[in-house]
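The next block holds one structure in the form of structure tokens; read it before the comments.
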């Protein structure tokens, strides 16, 4: 077994990372109880979902660390969960503005700036889109499609993997892994773009509700869970990360990614507890809030 093959420092590292995962779970449970007691029911489940992202990723990484053969399933579970969290974060911003009707009334003559990352940050010539019920629908659809299609593609990957047709590190054009990964990447960029457009519009309005640090934590999870893991896997497949018997390069790269994620998600869980623990009855929206420069001032 894995634990039998570990030396004393290795066992100490595994025990420490497992303890960090358990503490992250306990911190989340305590925070969920606080949210359930203090937050209005209309926003309660959304905020609990968002707070659960870091502990869930930490838990799946810990399971993958102890049971190497489960890495495929743990990574897919974390991916499915976080695809739902991205949609929940967009809905949280709308809820924090008072809901869709209040948001439309407040920004009645406002416009969305669509030249934002990660898709169109360099396309400054793109027109600003009026804020209407239809544009809000397209933004919500941009994140909802990711929450629907990514689990479908992951299920397809698991089916192909059980049949021996899907090899995660085989990026040959003839294999399905490359095409499924590219399609998931395109869906991810589209969902992150929708969230970025909404955040750019409401960040000043919701500054009193800590939306900027909340968005920063969300961005850190995206970067660490996707970009960092992808870079480490590429290094492993290119043998930049050397093998250390009995671990191959890819297995060692997977261990490094999982161990880093456990430590990072532990820190994000603790910071999230501080950021989201606010007296929400003191955070009513002001009657008159200035929008971004270039927009007219609106009163609800």
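Cβ atoms are placed via backbone N, Cα and C, with glycine included.
Note: TrEMBL annotation is automatic and uncurated.
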*asked:* I'm validating the feature mapping. Which of 256-276, 277-297 is tagged transmembrane segment in TrEMBL?
replied: 256-276
*Please find, within the list 116-135, 176-195, the residue stretch that TrEMBL describes as transmembrane segment.*
176-195
*Any chance you could find the range in 46-67, 137-161, 176-195 with the most Cβ pairs under 8 Å to the transmembrane segment (256-276)?*
46-67
*Under 8 Å, at least three CB pairs between the transmembrane segment (215-236) and the transmembrane segment (137-161) (pairs 6 or more apart)?*
no
*asked:* Below 8 angstroms Cβ to Cβ, which residues of this chain, lying six or more residues outside the transmembrane segment (176-195), approach it?
replied: 83, 86-87, 89-90, 93, 116-120, 138-140, 142-143, 145-146, 149-150, 153, 156-157, 160, 165-170, 218, 222, 226
